[in-house]
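Asks: Before anything else, here's the structure in question.
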DNA sequence: ATCATCATTGTTTTT
DNA sequence: CAATGATGAT
């Protein structure tokens, strides 16, 4: 960790211009970035406040911040920005909202907000609902490519795209009226801003003298442009990425941005990191051979000095039940035999649905596990609803909370009314909540609607007053009864069971609030403080989740596993139609699936097992399964087959759908 | 109009 | 085999 190898050193020390670091899996790229930041500060005289490092996940940002913090003295690190793309975008909008026509305190709509909004728009503008998801995909990809509604509409090639483009137009208008942005806007708006206002761009370019970007292969078109704009003429930046670990093309990532860099910056220097500090050479050999089946611009071979290591085990089981049982039992016995902690083991899979059975089996054997990816407590609809009520209670100016709450339950206040309210509020420079019972509003709005708004505000004000005067918890309980939230849940839930569970979460949250208040020793904690604490917990939820479950077996999708490592890795469902996923086979995007397998394999430090089942229940029907074609591409001498021994070769031959790949794999041997 | 039962439908991956 | 949507009875 402390000593860098020559390649890494080169990457750290090179400040002569744009630099691309092609960092293979486990090659210490985070070390390179963090050391480089320290180097820039300590040896190049660049103040930390002029350095920005960008990542894709909050987790990565946090980790990086920590590691830089241990390399620099407190004062040296002051002002350093390590943030995600979206975070940076949010900060830019925060500072420059006025130039984009937004009000302060804009809201960020999450997935749920957006889907609700889209269905709303579709119902209003047409009366059909073409599936909000599909429309959202269109809008997302347009936004990723910096295409605005007008352009989308002009270029729409078929009726579906046309519909989507029209919805897009309304969607964008509505968001604006709500003073809200979506996730993609966090990138797109700053890019547009910079393109249109040279002075602002210059300001930010002056602020950011050196830019570093992690996981560069995951950037999409608008992120690429954002980087390019921020870098400007200065040309001082380092991007780190690995084309072999590009697994997000489906959400707009453009791994070819790595190549594009060469064209945009002819003086680009490329450094390759090929020494791996994570895995045994056996595992790396397999990974190398697998990924060699993909076309490459940059040839890269991982190697390590971590010893030869054991063979990769390929485990064949009768069905998916036996598969999960086998993995659970193995982990159990291995844990008992070697005393290794459960957290040494990871179970990786292609789709979240595969986790269910696995979970069951682990539970059955009383093996603790940690599941990442599921909807966590604070992400649940009902929790968010109630949290929004809380937020509005303590901060009436939280327009986001206001909007979330205003029609939960239905108060028959449509988007037109809200739009007008929003316009009025922004004219007056006040929040929507504050504007809701202003006399002046009547001039813009039919009295019926104005009355509905002011009734809501009066009600809410009353709740707030109750909180201040009497027992706040009792006030909140009666608020929940007042809005008849339980009934609302029943209406919207698919079943009573679900509704009950959701209502349980609501009371749980109220209890959490109560216990926060009760725990207070000085007795001077206000309800505002308590709610503030909860909101904070909401925001820190991720962190907590990770700390909490650190002792169990780690279960996650292969996508979620990128960047992590585990002594022992099991990849389950190593089958055709699952690992090369069916839709990927159809869409002919096998290469990305191969990269996904590559990512999974390279998570393992010492032990790796790939499992597949001969038969599997799917849609309630038992179907025959075929081992993944990627197994054919691995070097046979490094594999040991376990479980039923009917020649997998025969199965392979029987499968005609990828004869070419099979042939190539044969020749390789 | 609302609810219950029946039929159909489908399963990547997520900042 | 769910979970979601359509259809029919009350």
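Using N, Cα and C of the backbone, Cβ positions are placed for all residues, glycine too.
Quantities reported herein were computed from a predicted structural model and do not represent experimental measurements.
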Asks: Given that TrEMBL annotates A:23, A:24, A:25, A:26, A:27, A:28, A:29, A:30 as ATP-binding, name the residue from A:254, A:278, A:282, A:313 that shares the site.
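Replies: Within the candidate list, TrEMBL flags A:278.
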Asks: Sort out the sequence-distant neighbours of residue A:25 (ATP binding site) for me: same chain, 6+ apart, CB within less than 8 Å of its CB, listed by position.
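Replies: Non-local contacts for residue A:25 (ATP binding site): A:242, A:244, A:245, A:276, A:278, A:287, A:302, A:598, A:599, A:602.
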Asks: Excluding A:23, A:24, A:25, A:26, A:27, A:28, A:29, A:30, A:278 themselves, which residues in that chain have a Cβ inside 8 Å of the centre of the Cβ atoms defining the ATP site?
Replies: A:242, A:273, A:276, A:277
Asks: Could you tell me the mean pLDDT over the domain 'UvrD-like helicase ATP-binding' (A:2-280), as a whole number?
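Replies: Averaging the confidence scores along the domain 'UvrD-like helicase ATP-binding' (A:2-280) gives 89.
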Asks: What span in Å does the ATP site cover, taken as the longest CA to CA distance among A:23, A:24, A:25, A:26, A:27, A:28, A:29, A:30, A:278?
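Replies: The two farthest binding residues have Cα atoms 13 Å apart.
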Asks: Just going by other Cβ atoms within 10 Å, which of the binding-site residues A:23, A:27, A:278 has the emptiest spot?
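Replies: Minimum Cβ neighbour count within 10 Å, taken over the binding-site residues A:23, A:27, A:278, occurs at A:278.
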Asks: So how many other Cβ atoms are close to residue A:29 (ATP binding site), meaning within 10 Å of its Cβ?
Replies: 22
Asks: What three-state class does DSSP give residue A:23 (ATP binding site)?
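Replies: Reduced to three states, the DSSP call for residue A:23 (ATP binding site) is strand.
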Asks: DSSP secondary structure for residue A:29 (ATP binding site), reduced to helix/strand/coil, please.
Replies: helix
